Each structure stands twice: as structure tokens, then as C-alpha cells.
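**Q** Below is the structure I would like to discuss, written out as C-alpha cells.
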Amino acid sequence: MFRRVLGNTLGFVGYTVQYGCIAHCAFEYIGEFVVCSGPSMEPTIVNHDIIFSERMSRHLCKIQKGDIVIAKSSFDPNMNICKRVIGLEGDKVCTSSPSDVFKTHTYVPKGHVWLEGDNLRNSTDSRSYGPIPYALIRGRVCLKVTGEEYCVCFIKYIKYLFFYTYRTVLIKSLIRGV
């Protein structure tokens with residue numbers, strides 16, 4: 001009896017660890033879903049939009065001007081920011097806000113990118129904190145789920161998939177032990 005319970009428990013733990021490792025690798029190397037908040041990317045991305053940020057282009061085909069990226073914040077490493085790439089290393093960019101009468105320019109240093117929000121009047125971006133190191137870029141946005149009703153349905157679908165996978169693993173581990 002004890003062996004069977006121990007076997008079931010260890011089998012379940014083994015499946016949980018396997019699925020955890022697969023999920024970690026998928027989120028770390030393939031991409032992740034992100035719920036956006038804040039007005040800085042309006043009207044392109046609004047509050048509560050869900051986006052998929054893929055990680056492969058960061059390593060394979062490089063980030064290009066005009067791409068929307070998810071990056072680690074340079075002033076708060078626990079926070080991610082969603083901004084558009086305006087300049088790459090060596091590019092000359094305008095560093096003043098839209099309301100400034102005199103425009104100032106700077107060059108983006110090697111290994112850095114210049115990020116700005118689409119809503120220039122309501123965005124804290126490279127105009128405030130300077131160029132971002134390329135290493136802080138987490139991924140490029142390639143898919144957007146828009147609208148509150150779609151987002152709610154999408155989140156319910158993800159929860160359903162997670163619950164279904166978890167339930168299937170539990171049932172398989174119980175059946176295997178019997």
C-alpha cells in the first residue's frame with residue numbers, strides 16, 4: 001500500500017517537474033503572453049491588450065526599426081516595458097519631447113537601441129532615460145489579442161488548457177500507479 005502511494009506521488013511529481021521544465025523553456029526561449037498596462041503605446045496597444053512576445057528574433061534575425069519590443073526597464077529590473085524601436089546603434093535620433101521648441105539630437109551608442117512609446121505625450125521612454133542596452137530586450141511583439149471581451153475569453157481558454165493538462169497528468173499518474 002505504502003509503495004503504491006509513494007509510486008503514485010513520485011510519478012505525479014515527476015510529471016509536474018517535466019511539464020514545469022517544458023513550460024520554462026517555452027517561456028524563456030520561444031515566447032510569452034503579456035498583458036499590457038498603461039497609455040504609452042496607445043492607440044496601437046491599449047490597456048489590457050494581450051500580446052505575444054517572441055524571443056527568437058532577438059537572437060536570429062535582429063530587431064529592426066519600427067518593431068514593438070518588450071524590454072526590461074533600465075530603472076526597475078522587476079518591470080517590463082513595451083515600446084517601439086526608433087533607432088538602432090549608430091542612428092541619429094531626436095531626444096527632445098514634442099512640445100520643445102528647440103530639437104536636440106543624439107547618436108545611439110553601440111549595443112543599444114532607442115525606444116519610444118507611440119503616445120509621445122504620455123510615455124516615459126528613451127527620451128527620459130536614454131538608450132537601452134540590447135541585452136535588456138526580452139522579445140519582439142508579433143501578435144495582439146485586442147478588446148476586453150476577447151481578452152477575457154483568451155484568459156479563460158489559457159486557464160482551461162492549464163487545468164486540462166494538469167488534470168490529465170494527475171489521472172495518468174494515478175492510472176499508472178494502479
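Easy rule for this one: first residue shown is 1, then count along the chain.
Cβ atoms here come from the backbone N, Cα and C positions, even for glycine.
According to TrEMBL, the protein has these features:
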- S40: active site (ACT_SITE)
- K83: active site (ACT_SITE)
- 16-96: domain 'Peptidase S26' (DOMAIN)
- 102-143: domain 'Peptidase S26' (DOMAIN)
**Q** If I take the alpha carbons of S40 (active site) and K83 (active site), what is the distance between them in whole Å?
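**A** K83 (active site) has its Cα 8 Å from the Cα of S40 (active site).
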**Q** In sequence order, which same-chain residues at least six apart have a C-beta under 8 angstroms from K83 (active site)?
**A** S40, M41, I68, V69, A71, L115, E116, G117, S123, D125, S126
**Q** Which state, by DSSP, holds K83 (active site): helix, strand or coil?
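**A** In three-state terms, K83 (active site) counts as strand.
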**Q** When DSSP states are grouped into helix, strand and coil, how many residues of the domain 'Peptidase S26' (16-96) land in each?
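**A** The breakdown for the domain 'Peptidase S26' (16-96) reads 19 helix, 26 strand, 36 coil.
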**Q** When the domain 'Peptidase S26' (102-143) is classified with DSSP, how many of its residues are helical, how many are strand and how many are coil?
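**A** Summed over the domain 'Peptidase S26' (102-143), the classes give 10 helix, 17 strand, 15 coil.
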